[in-house]
Amino acid sequence: MSSGKRTPVTARRVIRAAWRRLTDRKAWRDAGKAEFKFAQEGIAVHGGDNPLRLVVSGLALLMAPLCVGVLFQPMRPQTPTAMVFFILASSGSVVVGIWWLRLREPRRRDAVIFVAIADICLLVGCLAQDGPSRITGTIYLGMLAMLTAFLLGWRLLLIHCLFSVAAIVAVTVTTMVVNGYGVMELYVYLAPAITIEFALPIVVQVLVEFGRRGIGEAASERNHDALTGLYSRRGLQFAIRRVLYKRGRGIAVVGLLDLDGFKKFNDTYGHLAGDQYLAETAQLLRTGVRDTLNARLGGDEFLVVAIRDLREEADQVIDELRRLVTPGEAGEPPGIRGSVGIAVSEGLNRAEFATAVAQADTALYEAKADRSLRIVIRDVVPAPPAVVPRREASAALE
């Protein structure tokens, strides 16, 4: 029996844990994937993908007017060669900004490329300037650090921060050698640069990491049914919106399942047995029908949504559902004692999904009215605008 004592936190344990994370090769190979997916999908499902693309692109495009302003101050590039590199760096920022703006669905790799090119352009542009303005120019690396923290996570932020430190060292040494400044003379420029480019991003990253974990856990609890582990209504809505964001086309199979005699079973054997029955049904749905979105809508009603590229693949989903609720060839009882209404839709927008749920609901009524049918299938006929889904299940998609 546990004594209830907590394992003491020691410096040695912390160092070991940090070292394991820093030397985890697989985690480094996948660095930023989960963080980028979390941020992108969370923003996109609320219609924020275009604003995000504009904001990220704007970080690079902003360099153009800032660089023009540099040309009118005393510490602008002093030689033709420096001016050429300065113009190339500012032009590179504009090019990468336009490139990002034209991406329809930016990926993690695109974000890494964006940050890397922007970092290099900033460093080259800073080195091309004169005097302490080389150091002050590196402050804009702090904006890229915030972007990296939000989109790509702490591992890639660590690389960015190390680059920022190397950039500060490079411009400081250049300023000392070329312009004859001492370290203490440059302190007033170095202190804010180090703070904004290294210290502040790390603090922000800590907050982002804990916030991301907290939001993820809260969202998971809110979006999943505690008893079965399937999606809740709200979770199904979010999952479908993610599917609509990722896929531009496909065939949707929407199935509504209602268990036979569940109320009587619950009254006869008790609520604990009823809960176990629901959990077993959920597991059968997960294992019996592959690659689907499964939700418990309440009570003994379940919703299954599958997106397939071809009608033949959609028919396979229907066959898998049929095998779950119909007796076997040798008379074996079905895995799930229930009735299913299925609607097949070739559309993927929210209105068509709502129509599919409504027609699956109607098909379910038919299946329940004649228990020998077990499963009724309908191809979606678009409903008039005034027609709305009748049952509570449709609320999950509105």
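Yeah, the Cβs are placed from backbone N, Cα and C, and that goes for glycine too.
Among the features that TrEMBL reports, transmembrane segment is placed at 54-75, 81-101, 113-131, 161-181, 187-208. According to TrEMBL, the domain 'GGDEF' annotation covers 250-380.
Beyond its flanks by at least six residues, the transmembrane segment (54-75) meets 86, 89-90, 93-94, 96-98, 100-101, 106, 111, 114, 118, 121-122, 125, 129-133, 137, 140, 143-144, 147 of its own chain at Cβ-Cβ distances under 8 Å.
Residues 56, 59-60, 63, 67, 70, 74-78, 82-83, 85-86, 88-90, 92-93, 96, 99-100, 137-138, 140-141, 144, 147-148, 152, 156, 160, 163-164, 167, 170-171, 174-175, 178-179, 181 of the same chain sit 6 or more residues outside the transmembrane segment (113-131) yet have a Cβ under 8 Å from a Cβ within it.
Assigned with DSSP, the residues of the domain 'GGDEF' (250-380) fall into helix, strand and coil as follows: 61 helix, 36 strand, 34 coil.
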